[in-house]
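Contents: one structure, followed by commentary.
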Amino acid sequence: MNSSEGKLKSSSSELDLDRPNIEDYLPSGSSIQEPHGKLRLRDLLDISPALTEAAGAIVDDSFTRCFKSNPPEPWNWNVYLFPLWCCGVVFRYLILFPMRALVLTIGWIIFLSCFIPVHFLLKGNDNLRKKMERALVELICSFFVASWTGVVKYHGPRPSMRPKQVFVANHTSMIDFIILEQMTAFAVIMQKHPGWVGLLQSTILESVGCIWFNRSEAKDREIVTRKLREHSQGADNNPLLIFPEGTCVNNQYSVMFKKGAFELGCTVCPIAIKYNKIFVDAFWNSRKQSFTMHLLQLMTSWAVVCDVWYLEPQNLRPGETPIEFAER
């Protein structure tokens, strides 16, 4: 009995060491006597690490995880699968990638050989020129999708050209626009980019009525709003496409839609794009990776697999504000 009692005492003492001492968290008698309005620097420094850790956990859980790419768990690090993985790398980089680069090069040759004469020789016939340019933009986007071995399934009725309607979609990468554009020549609202992407924006994509903006220019907001209203009222204009999240999200979450697309007085047609990450993660983090490297990543993967849903059109309800409409 004495030995068992000794064990119980020792175990209880070990538990007491792990158990927090409540008295340590209670104010001492001297601190209680101090006036409530007096805050000591020592107390503030004592609680600042805990507050920092708590705030970091809240931010990480609620918002920043929407912009993090979750790499897949490694599956190839064993004796049996590693040789197969090496063979796959050789096949993707030395066989698939050159074939895809050739397909994309042929696509650009066909596109430019047709687009340049159409753009400059048919200026007197705007309707025919716009129709052919629209078809050529859809063609080059199809070549881009083919260069990733894209497997895209479209669900729902194909968008049509109608006045007073705007399409909104979730945003994972700039390839969202390419995947949607190969089916329908949208006029997209997009940030102005530098480099070769900016050159395409200012030349080829201008032909389908795309609208560009610069985040650093304060006046661009008013100009873009005016252009949106004018474009949405035209019956012959290409369907208007907006990514109301305003940034690329990792396709696992969706952040709050900005209200700009929902205060135009138009019918809003939602589009949902969902990528299958079994072969490649299509999320583009523009702060860590250029779009050129992002395309190379897609072209050296096995395939880009995704589903596109054209959802039921929505209208502003009586008494509903644009912010409530965006939230809905």
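Placement of Cβ uses the backbone N, Cα and C atoms for every residue, glycine included.
Here is what TrEMBL records for this protein:
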- 1-14: compositional bias 'Low complexity' (COMPBIAS)
- 1-31: region 'Disordered' (REGION)
- 77-95: transmembrane segment (TRANSMEM)
- 102-122: transmembrane segment (TRANSMEM)
- 134-154: transmembrane segment (TRANSMEM)
- 165-276: domain 'Phospholipid/glycerol acyltransferase' (DOMAIN)
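Assigned with DSSP, the residues of the domain 'Phospholipid/glycerol acyltransferase' (165-276) fall into helix, strand and coil as follows: 38 helix, 26 strand, 48 coil. For the transmembrane segment (77-95), same-chain residues at least 6 beyond its ends with a Cβ under 8 Å from one of its own Cβ atoms are 300-302.
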